[in-house]
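Take a look at the structure set out below.
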Amino acid sequence: MVKIEIGSVGDSFSVASLKAYLSEFIATLLFVFAGVGSALAFAKLTSDAALDPAGLVAVAVAHAFALFVGVSIAANISGGHLNPAVTLGLAVGGNITVITGFFYWIAQCLGSIVACLLLVFVTNGESVPTHGVAAGLGAIEGVVMEIVVTFALVYTVYATAADPKKGSLGTIAPIAIGFIVGANILAAGPFSGGSMNPARSFGPAVVSGDFSQIWIYWVGPLVGGALAGLIYGDVFIGSYAPAPTTESYP
């Protein structure tokens with residue numbers, strides 16, 4: 001059963017919530033700066049050559065490391081979402097209210113935009129690369145690819161961070177989340193770009209002015225995140241029986 005809670009505006013503007021929004025903004029900014037920056041660096045070093053296997057690995061590793069750090073520095077304040085798809089997936093499982101989640105989205109998208117503006121400034125006007133499906137592939141293939149890889153990401157978030165039975169797994173959650181993002185970029189990068197994150201794609205689209213395929217990177221990740229939240233948050237966690245408070249023995 002879906003456990004979505006709307007919440008209240010008052011709760012969403014509490015001091016703790018405002019701190020969470022700022023945390024999401026900063027962490028997303030740092031993540032996108034490093035992630036998009038790695039793609040810019042590759043283009044600079046190769047004179048805008050096409051992405052080769054070594055470049056793909058470098059970009060994947062940069063995103064994995066940056067997300068590991070971003071989740072780690074925000075986890076104790078906001079939960080370390082850094083991603084509207086993660087926020088939606090957690091909302092479907094009742095881990096965050098819709099209103100608060102909406103403000104998370106705003107903070108994440110603003111962080112991404114500011115990161116890309118900073119990159120343009122510090123690189124003296126270099127063009128920010130945007131996500132797009134590879135030549136020969138259609139939008140539907142791109143959406144399905146993003147659904148699958150984002151499902152894997154949000155499912156990992158649930159298993160290592162949101163599941164009340166996670167135990168010691170919680171200590172490796174940022175590492176596992178970074179690893180799955182890096183692995184998914186290696187798998188999906190040559191085809192859809194492997195975004196898994198509407199905010200990660202939105203910032204470059206805004207700064208470059210190229211919105212031609214941005215809908216793919218909202219629809220795919222949001223559907224994938226919601227499905228992961230529905231399956232893990234509502235089917236698995238929702239089926240947990242409460243632990244008994246007393247035990248009786250013969």
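Cβ atoms here come from the backbone N, Cα and C positions, even for glycine.
Not measured: the values here are computed from a predicted model.
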Same membrane side for G89 and S201 per Swiss-Prot: no
Range from 25-45, 54-74, 211-231 with the greatest count of C-beta pairs under 8 A to the transmembrane segment (169-189): 54-74
Same-chain residues near the transmembrane segment (211-231), Cβ under 8 Å, at least 6 residues beyond its ends: 2, 83-93, 130-133, 139, 142-155, 157-158, 192-193, 195-198, 200-202, 205
Where K3 (N6,N6-dimethyllysine) sits in the secondary structure, as DSSP reduces it to three classes: coil
Confidence summary (mean pLDDT) of the topological domain 'Cytoplasmic' (75-101): 97
